[in-house]
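Q: Straight from TrEMBL, here's the annotation block:
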TRANSMEM  22-43  transmembrane segment
TRANSMEM  55-75  transmembrane segment
TRANSMEM  82-100  transmembrane segment
TRANSMEM  120-140  transmembrane segment
TRANSMEM  161-182  transmembrane segment
TRANSMEM  194-213  transmembrane segment
TRANSMEM  218-237  transmembrane segment
TRANSMEM  243-265  transmembrane segment
TRANSMEM  337-355  transmembrane segment
TRANSMEM  388-407  transmembrane segment
TRANSMEM  423-451  transmembrane segment
TRANSMEM  471-488  transmembrane segment
Amino acid sequence: MNQITSLPNAGRIDFKRACREGIVTAFIALLLFAFIVGFRADLNLRNEMTLTPQIGYLLNYVIIAGVGRFTWCLFGGGTKGAVFALVPSVILFIAYRAWLYYEDASAQSTYNLSAQAHQLFIAGIVVVAFVLLAIVFLYAKGIQQAIRITVREVTPGFQKYAPGCILALLLVYPFFVTTFLVDNLAQSQKWIDNYAIQILIYIMLAWGLNIVVGLAGLLDLGYVAFYAVGAYTVALLGNHFGFSFWLCLPLAGIFAALWGMMLGFPVLRLRGDYLAIVTLAFGEIIRTILQNWTPVTGGAAGLSVQKATFFGVPFTRGEGGFAELFGLNFQAAHYKIFLYYVILVMVVITAWVVMRLRRLPIGRAWEALREDEIACRSLGINTVTTKLTAFSIGAMFGGFAGAFFAARQGRADYTSFIFDESAIILAIVVLGGMGSLGGIAVAAAVMIGGTELLRDVPALQMIFGPDFDPPQYRMLWFGLAMVFVMVWKPRGFVGKREPSAFLKVKKAVSGDFTKEGNG
């Protein structure tokens with residue numbers, strides 16, 4: 001009893017208000033979702049739209065909204081109320097959908113169930129949810145303290161040995177996949193291509209944008225333009241001039257850097273929202289040019305891109321190919337594995353360059369510009385040069401990533417370089433922690449790899465329906481992740497960061513003491 005009465009807000013629980021708020025919220029949810037979730041639109045054989053009621057789905061969302069609001073009010077609102085409201089809502093949603101799935105895969109049995117069985121099931125799930133909620137509420141403080149102690153003890157050693165261990169794991173990743181995850185090399189392409197290569201490309205993109213946004217504090221919403229410049233540089237030079245991929249790769253970075261400087265000049269005097277609008281417009285201009293300049297860019301059809309070669313040896317079937325040279329059976333996965341290692345080397349180089357730049361005068365000038373541009377000028381720092389170098393170097397890494405993307409896809413078309421890509425890259429930077437290379441890499445692995453991994457989880461079809469396709473909801477995942485991270489970890493996954501320069505003793509600086517990025 002003493003433990004319960006000492007809990008925060010224990011004496012201020014207003015049960016009547018919580019019930020009233022829950023009922024009102026459920027009614028509002030009913031009005032909002034009645035025509036969005038309550039009916040399913042289909043086309044019949046005569047191409048006419050028919051509406052099929054989905055009462056079970058509608059009640060599901062209404063009850064979740066009501067229970068969530070009730071719990072939120074019961075625990076005093078705010079962040080704590082949101083945490084505890086999430087528990088019963090999620091349990092209720094998953095259990096209800098699983099029940100429908102096992103009763104009838106088509107979920108049509110919702111209308112044949114008795115009201116008593118329906119109510120008993122819902123009541124049982126709510127009771128279980130609140131029991132778990134009480135357990136979490138009673139022991140949350142002790143769990144948090146144990147986690148803090150563990151993290152404090154493990155962090156120093158982890159920071160010292162983690163980069164080397166992670167690099168070693170990445171080096172043996174293809175061998176692990178081919179040995180344990182798949183039966184033969186042909187089945188490894190999903191794990192090598194869709195997961196590893198794609199994640200590494202987004203890590204490189206996010207680290208490039210991190211220079212502009214995280215270090216220099218310049219909000220860039222058109223970063224995908226440099227991504228496109230790199231991809232189309234490889235495609236155009238390869239198709240029209242016969243340049244090899246290895247010759248196009250450095251040119252892709254150079255051309256992207258030049259475009260970065262071209263963007264930097266018009267926005268030298270802009271800050272904040274105005275800078276974001278101009279960079280967004282720049283990205284849309286590039287996409288529109290790629291879409292409509294059909295004689296050069298190929299328009300919607302795009303341009304083909306030649307594959308990278310192994311020191312001049314192509315990854316083709318037959319005489320003179322990679323497989324024939326090394327006495328192997330031809331497998332398309334050979335090229336993907338080779339490309340994986342090339343991108344991995346480039347990612348390591350990117351990380352090393354960014355870390356070195358942060359410790360150079362230009363890196364400290366970026367951080368000074370991020371914190372206060374007026375103070376930066378008063379110290380005699382050339383803000384024009386500082387901004388242009390941030391835009392150009394960040395764009396260069398975007399160009400490299402675009403070149404690898406084109407080599408991976410085998411073609412370049414404008415549909416791959418829409419604003420959504422800029423939003424995804426920016427979201428990765430924000431989620432990982434602006435200025436933190438490790439946090440950004442973790443965010444890219446979680447968000448990009450997570451959406452790919454969800455493709456192969458049958459339970460999601462059981463919960464959300466057989467037509468559920470996780471990649472179509474990628475922006476929804478990003479949005480939810482950003483909401484949760486910004487509420488509980490406003491500085492991103494990495495809460496503490498080291499300063500670029502220190503006097504004698506190396507000390508971690510909390511992100512709360514800095515405006516953005518690192519201290």
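Glycine is treated like the rest: Cβ placed from N, Cα and C.
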Q: Sequence-remote contacts (6 or more beyond its ends) of the transmembrane segment (337-355), Cβ cut-off under 8 Å?
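A: Distant contacts of the transmembrane segment (337-355): 167, 170-171, 173-174, 188, 192, 196-197, 200-201, 203-204, 207-208, 210-211, 308, 310, 315, 322, 397, 400, 404, 407-408, 437.
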Q: Mark yes when the transmembrane segment (161-182) and the transmembrane segment (388-407) have three or more Cβ pairs under 8 Å (sequence separation 6 or more) and no when they do not.
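A: Since fewer than 3 Cβ pairs under 8 Å link them, the transmembrane segment (388-407) and the transmembrane segment (161-182) do not come into contact.
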Q: In the same chain, who gets a Cβ under 8 Å from the transmembrane segment (194-213) while lying at least 6 residues past its ends?
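A: Those are 170, 173-174, 219-220, 223, 226-227, 336, 339-340, 343-344, 346-347, 350-351, 354, 357, 366, 390-391, 393-398, 400-401, 404-405, 408, 424-426, 428-429, 432, 434-435, 437, 440-441, 443-445, 448-449, 452-453, in sequence order.
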